[in-house]
Amino acid sequence: MIIRSPESEVKILVDRDPVKTSFEEWARPGHFSRTLAKGPETTTWIWNLHADAHDFDSHTSDLEEISRKVFSAHFGQLSIIFLWLSGMYFHGARFSNYEAWLSDPTHIRPSAQVVWPIVGQEILNGDVGGGFRGIQITSGFFQIWRASGITSELQLYCTAIGALVFAALMLFAGWFHYHKAAPKLAWFQDVESMLNHHLAGLLGLGSLSWAGHQVHVSLPINQFLDAGVDPKEIPLPHEFILNRDLLAQLYPSFAEGATPFFTLNWSKYADFLTFRGGLDPVTGGLWLTDIAHHHLAIAVLFLIAGHMYRTNWAIGHGLKDILEAHKGPFTGQGHKGLYEILTTSWHAQLSLNLAMLGSLTIVVAHHMYSMPPYPYLATDYGTQLSLFTHHMWIGGFLIVGAAAHAAIFMVRDYDPTTRYNDLLDRVLRHRDAIISHLNWACIFLGFHSFGLYIHNDTMSALGRPQDMFSDTAIQLQPVFAQWVQNTHALAPGATAPGATTSTSLTWGGGDLVAVGGKVALLPIPLGTADFLVHHIHAFTIHVTVLILLKGVLFARSSRLIPDKANLGFRFPCDGPGRGGTCQVSAWDHVFLGLFWMYNAISVVIFHFSWKMQSDVWGSISDQGVVTHITGGNFAQSSITINGWLRDFLWAQASQVIQSYGSSLSAYGLFFLGAHFVWAFSLMFLFSGRGYWQELIESIVWAHNKLKVAPAIQPRALSIVQGRAVGVTHYLLGGIATTWAFFLARIIAVG
């Protein structure tokens, strides 16, 4: 008799037509909530509508339904992203000087927006070179387009239309997977299949197809562009793909086809898959052949990683087993129970993802300038500054979001009855030790880092420069950072056999790379000034973490409010008769954390902006003499607080303040307006609810007198709503002020 292994049943993983498609709901604002659907009685209704519209947890407690709504919303998000991308490419095709820039990227500046002549706004169309007038853009799109091999505005048009089609497709998918074929809960919880598809599919095949595009399209086209061939003379992408001889003229190994691959003679391909390190001296970007090699390697890694987990066949890892095997000497049950948490709480899952993605985004910010990936990116100082600032802000917001969703998980999804002695339980049980130690670290860092500056300001004020902490008096050299720099500068020969230079010029040792008389990158010296500001970074980051982590660890209970979990994620105070219990909800910790995140990121981007202008960016003469934008003043000026105010904020604000009457005047208006938005936030943050309620009631009285009283009763914002409006305007105003300040400065001098 033949014993067969039982065939794995194909599971039905979707429900057909679960939710009727109907536009009637659209006409009923708040249809997802019994209270809101009744319509407004007071003005609080509109605030609650905004607060709860996307809080799917509050619509239903059915995890499957929540999962479907989130899944469907993701398609909507993708649709918006495609629409945005399409708009960017369309502007490149219709309103830009891309083809002119392509012919002379060192002298012509990128522009993709031309202002219409209404009320004199056309003053904003500055001369960007090549006879084109428009607004200079700093998004880096031109550099990406060149790196990917786009040579004409027609190609940008086609891509824009393609993105539009994809946007429509995503909208359709969002509708289809909620109304027509909605996945069952089991599908959302099948983590091994998800890892398989995300690792092997998205990251593996995604990287492989990008590597393929780079090898067959980007590399040959960029070879021609670098050699000065007119973009109109370069063969079109499909010609390189279809005609191997064309590629073989540029990369001889193509003549041999796949033979070297199958005979394991892979080094033959070293003409287009390189391992050089450093920057291409023609473009000031990473070697595109290095980048293609990198994506091929990443593809191989992720294709393997995607096949490590057990799906329909009885081979491979199970995530549950892996997690439960994790037991350290001090962690009790270890990761037991984490699998259940992460497959039933999307907040817990999202929290981890946001923390990872936020950290990764900040890593991207630091690599964009130290290893500029695209041609002519490094010499476009406005774009370099914008990319760094943008990725730092985004990273900061994502990390605060991680804490927010971790706290929501604790309040809504954490079940203390089933969690005993696992990792999370043990962390919660010694949370007092964690928070008090972290608090001590913050106090230590704050007093010492700030104290060094105060010392320097005092000595400077008293005319005693020899007693200051500086590179020319009492030195505090960042010896560990310098050691890391030197190790990397000397590393290439020892770590990577074929590499000719270190990963980044910033480590030191190498020469500078200049393109068209502008510095692309050079070794970045670190000294006492960097030592001081780095400890301010440590201080602000630790305080942000203290606030956010305290919010998470005390989200369910504290000595002050033992039953905090019953009050929910956001609440103003613990009811009447309990003084001193305001601002303790998990939401309030996120609110407070946002301000410290803003502090932390501001210091980072100020440090970056000034350091690069002082020690890196600048012009180079025919004799090889480098003249930096601010002439190397960072080391001596930034060691006092007065120096930061005088030589950075005030000195560099002159461009934005004096921008009226020039093409940069919009930044002058934004600078003013954003300050106003920021100041407006203080009205919400520094006032009490009762003050406004009293004011409203006297205004309503006046309306009643004139018989024009509204049917919907006006109400002051709740405490939480007021804080939400306050922090939003604080951040929006602060970020837009910084944006105007940075761009007016760097476009004028860079």
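Cβ atoms are placed via backbone N, Cα and C, with glycine included.
Features reported for this protein in Swiss-Prot:
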- C573, C582: [4Fe-4S] cluster binding site (BINDING)
- H675: chlorophyll a' binding site (BINDING)
- M683, Y691: chlorophyll a binding site (BINDING)
- W692: phylloquinone binding site (BINDING)
- 70-93: transmembrane segment (TRANSMEM)
- 156-179: transmembrane segment (TRANSMEM)
- 195-219: transmembrane segment (TRANSMEM)
- 291-309: transmembrane segment (TRANSMEM)
- 346-369: transmembrane segment (TRANSMEM)
- 385-411: transmembrane segment (TRANSMEM)
- 433-455: transmembrane segment (TRANSMEM)
- 531-549: transmembrane segment (TRANSMEM)
- 589-610: transmembrane segment (TRANSMEM)
- 664-686: transmembrane segment (TRANSMEM)
- 724-744: transmembrane segment (TRANSMEM)
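This view paints the features noted in Swiss-Prot onto the structure.
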{"residue": "C573", "record": "[4Fe-4S] cluster binding site", "DSSP class": "coil"}
{"residue": "C582", "record": "[4Fe-4S] cluster binding site", "DSSP class": "coil"}
{"residue": "H675", "record": "chlorophyll a' binding site", "DSSP class": "helix"}
{"residue": "M683", "record": "chlorophyll a binding site", "DSSP class": "helix"}
{"residue": "Y691", "record": "chlorophyll a binding site", "DSSP class": "helix"}
Check the Cα-Cα distances from W692 (phylloquinone binding site) to the binding-site residues C582, H675, M683 and tell me which is shortest.
M683
Using CB atoms and a 10 A radius, I'd like the single residue among the binding-site residues C573, C582, M683 with the highest neighbour count.
C573
Per 10 Å Cβ neighbour count, which of the binding-site residues Y691, W692 ranks highest?
W692
Run through the Cβ atoms and count how many others sit within 10 Å of the one on H675 (chlorophyll a' binding site).
15
Quick one: do the transmembrane segment (385-411) and the transmembrane segment (346-369) have at least 3 Cβ pairs under 8 Å, skipping pairs fewer than 6 apart in sequence?
yes
Where C573 ([4Fe-4S] cluster binding site) and M683 (chlorophyll a binding site) are concerned, what is their Cα separation in Å, rounded?
21
I'm a bit unsure how to read this: which one of 195-219, 346-369, 531-549, 589-610, 664-686 has the highest number of Cβ pairs shorter than 8 Å with the transmembrane segment (291-309)?
195-219
Check for me, if you would, whether the transmembrane segment (589-610) reaches the transmembrane segment (724-744) - at least 3 Cβ pairs under 8 Å, residues 6 or more apart in sequence.
yes
Determine which residues of the chain contact the transmembrane segment (156-179) at the Cβ level, with the cut-off under 8 Å and only residues 6 or more beyond its ends counted.
17-21, 68-69, 71-76, 78-80, 82-83, 85-87, 89-90, 92-94, 98, 145, 150
Can you say which of 70-93, 433-455, 664-686, 724-744 has the most Cβ pairs under 8 Å with the transmembrane segment (531-549)?
433-455
I need to check the long-range neighbours of the transmembrane segment (70-93): which residues 6 or more away from its ends have a CB within less than 8 Å of a CB in the stretch?
54, 56, 112-113, 139, 141-142, 145, 153-154, 156-157, 159-161, 163-164, 166-168, 170-171, 173-175, 177-178, 183, 188, 346
Given the binding-site residues C582, M683, Y691, state which is nearest to H675 (chlorophyll a' binding site) when distance is taken between Cα atoms.
M683
Whole-number Å value for how far M683 (chlorophyll a binding site) lies from C582 ([4Fe-4S] cluster binding site) (Cα to Cα):
19
